[in-house]
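Here is what Swiss-Prot records for this protein:
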BINDING   36-43, 178-182, 247-250  GTP binding site
COMPBIAS  98-122  compositional bias 'Basic and acidic residues'
DOMAIN    26-336  domain 'Dynamin-type G'
DOMAIN    618-704  domain 'GED'
MOD_RES   SER579  phosphoserine
MOD_RES   SER599  phosphoserine
REGION    36-43  region 'G1 motif'
REGION    76-122  region 'Disordered'
REGION    178-181  region 'G3 motif'
REGION    247-250  region 'G4 motif'
REGION    277-280  region 'G5 motif'
Amino acid sequence: MDEHLISTINKLQDALAPLGGGSQSPIDLPQITVVGSQSSGKSSVLENIVGRDFLPRGTGIVTRRPLVLQLINRRPKKSEHAKVNQTANELIDLNINDDDKKKDESGKHQNEGQSEDNKEEWGEFLHLPGKKFYNFDEIRKEIVKETDKVTGANSGISSVPINLRIYSPHVLTLTLVDLPGLTKVPVGDQPPDIERQIKDMLLKYISKPNAIILSVNAANTDLANSDGLKLAREVDPEGTRTIGVLTKVDLMDQGTDVIDILAGRVIPLRYGYIPVINRGQKDIEHKKTIREALENERKFFENHPSYSSKAHYCGTPYLAKKLNSILLHHIRQTLPEIKAKIEATLKKYQNELINLGPETMDSASSVVLSMITDFSNEYAGILDGEAKELSSQELSGGARISYVFHETFKNGVDSLDPFDQIKDSDIRTIMYNSSGSAPSLFVGTEAFEVLVKQQIRRFEEPSLRLVTLVFDELVRMLKQIISQPKYSRYPALREAISNQFIQFLKDATIPTNEFVVDIIKAEQTYINTAHPDLLKGSQAMVMVEEKLHPRQVAVDPKTGKPLPTQPSSSKAPVMEEKSGFFGGFFSTKNKKKLAALESPPPVLKATGQMTERETMETEVIKLLISSYFSIVKRTIADIIPKALMLKLIVKSKTDIQKVLLEKLYGKQDIEELTKENDITIQRRKECKKMVEILRNASQIVSSV
């Protein structure tokens with residue numbers, strides 16, 4: 001069952017490989033990613049785990065593409081002489097016969113003339129299905145060849161992985177992703193920004209939450225300066241998904257060891273550290289086999305005074321077992337999430353494929369008819385609040401128009417104040433002008449109407465502005481509808497629908513504006529002084545009288561009760577010399593010379609201090625203007641939105657389908673309108689590929 005779990009992830013890796021590998025796959029698979037500097041011994045650790053020399057070697061960047069290494073434990077046939085430890089206590093069977101040992105030392109397993117049944121371990125590449133590599137030197141050459149095929153021979157790098165599966169009775173079932181080694185300085189013809197390129201690639205792999213980071217670090221250098229560990233801590237600062245490997249333990253200075261690191265007293269990691277010993281360059285040149293190196297590693301830890309008591313927690317065999325255990329545990333934890341993610345992603349691409357439409361296109365006429373019908377229905381639905389997808393984040397469609405009506409427009413109307421333009425002197429002047437040559441005995445209706453009509457005209461600007469705002473909102477709905485993928489399929493038709501819709505709105509805006517202006521003119525034309533909500537003139541005069549002459553109630557000093565009011569015995573006001581309409585134009589000096597009459601100035605204004613009567617009349621008119629203006633505000637705030645609903649909004653909802661059919665359906669260029677977008681064609685191919693891959697992935701995980 002445990003091996004089946006890892007095998008399932010291996011199959012998923014292969015299934016998702018066409019998507020560009022682990023860094024670009026939409027599914028975050030649990031995997032162990034191997035990071036470290038070029039000099040950390042990363043490749044040697046992997047070869048020790050496999051028990052074979054198969055990775056490219058050389059100077060500079062050797063690993064230039066991620067290598068997804070899938071190790072499959074293959075039980076040997078009964079006829080084979082090799083004794084394999086099935087309990088996984090040993091990684092490599094050291095009792096292999098002499099003939100096999102000689103083959104290992106030579107590094108050659110010839111494929112020619114030998115049947116598959118005679119071989120116990122081999123490699124297979126995903127890009128070469130069905131071909132088995134028994135010669136591990138050939139595996140190395142194929143890795144180099146496939147790397148150069150994508151990156152070229154100029155030491156460039158690529159994030160597209162190479163998938164290699166190795167079957168052997170001498171390995172534990174395990175999956176590792178070998179990433180390019182970190183480097184500081186470009187060598188040879190490497191790009192000048194090679195350090196940044198490698199770091200960016202590694203971060204794409206190890207940043208994924210389901211990635212276990214295997215950080216390979218040289219023990220004979222300061223751990224705090226380890227490139228691999230520093231990179232791991234960028235994405236995993238707490239060390240919760242990082243395991244450390246300490247190489248070159250045998251090369252440390254005399255009297256030093258890694259006990260403090262192993263105990264977690266330096267840089268603690270959740271999975272801890274495991275010390276190993278690799279072959280040096282001299283060992284490789286002298287053809288020292290990996291089996292011999294593993295035996296030397298075992299003896300080193302068993303005999304070293306610092307490690308002998310913990311030798312069974314050191315070395316490559318323990319590293320392989322621990323990685324196997326970590327990966328299995330990680331897979332068990334993440335598998336439900338992976339299943340859900342695969343199903344959700346599959347559904348997403350299936351829906352997109354449906355929106356993109358099938359490859360076999362219907363007749364041009366039926367396509368145009370279908371698109372116009374869909375557009376008209378969706379437009380009406382958005383206006384009425386019946387859209388398929390209602391947002392919970394922001395207002396849209398008809399709700400935005402309602403906001404424009406009842407918030408934006410109403411606030412604009414309410415903010416109009418007639419007295420920010422009308423001054424008391426203006427009222428005084430109009431009162432005298434409206435009375436003509438004979439002074440008026442009462443507050444003039446003419447002055448009131450003149451002033452009110454002037455102020456009603458001010459409602460025209462915000463009302464016409466409302467037409468523009470509603471126009472913009474309807475265009476916004478248009479853009480919301482045609483932004484859907486199904487409209488992107490036919491860009492010419494989408495553009496035609498958009499243009500015709502906007503032109504329709506522009507045409508409808510003209511009579512709408514005229515209607516709005518007529519409504520304002522109607523309010524100006526007839527001032528309804530009999531309106532039931534209008535303040536009566538007598539009420540206004542009483543209010544002004546109380547304001548100008550507040551009555552003081554006498555109080556009985558003995559009882560504290562108000563005394564009865566005495567009837568007023570006021571006399572007619574005495575007109576002072578300086579009061580009156582013309583008082584401001586003539587000084588006292590001129591009054592004495594009335595015999596010498598002069599012509600009035602060309603521009604004659606009502607100036608000077610107002611009389612008590614003028615003050616009262618002015619205040620009365622102001623009260624009446626304020627009262628009537630409030631009535632007009634309510635009327636305008638109510639009737640103008642209704643006018644727009646009639647002339648623009650409802651008209652567009654009921655007439656747009658008919659207009660679009662008249663303009664677009666059955667025209668000569670209808671074939672051009674239904675020509676598919678190249679982007680749509682390409683996207684459909686991509687979605688079909690994704691659906692196929694994800695269906696395969698879904699079938700793989702459904703068996704677990």
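From the backbone N, Cα and C atoms, a Cβ is placed for every residue, glycine too.
Features per Swiss-Prot, on structure.
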residue : record           : Cβ contacts under 8 Å, 6 or more apart
GLY36   : GTP binding site : LYS42, GLY181, LEU182, SER215, VAL216, ASN217, SER226, ASP227, GLY228
SER39   : GTP binding site : GLY181, ALA218
LEU179  : GTP binding site : THR33, VAL34, VAL35, THR63, PRO66, MET201, LEU202, TYR205
VAL249  : GTP binding site : ALA219, ASP257, VAL258, PRO275, VAL276, ILE277, PHE300
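Sequence-distant neighbours of the region 'G4 motif' (247-250) (same chain, 6+ residues past either end, Cβ-Cβ under 8 Å): 40-41, 44-45, 216-220, 257-258, 275-278, 300.
DSSP gives GLY36 (GTP binding site) a coil state; it is part of no helix or strand. Ranking the binding-site residues LYS42, LEU182 by how many other Cβ atoms lie within 10 angstroms of each Cβ puts LEU182 at the bottom. For the region 'G3 motif' (178-181), the number of residues in each DSSP class (helix H, G, I; strand E, B; coil) is 0 helix, 1 strand, 3 coil.
Within the region 'G4 motif' (247-250), the DSSP-based counts of helix, strand and coil residues read 2 helix, 1 strand, 1 coil. Taking H, G and I as helix, E and B as strand and the rest as coil, DSSP gives the domain 'GED' (618-704) the counts 76 helix, 0 strand, 11 coil. DSSP assigns LEU182 (GTP binding site) to a strand in the three-state reduction.
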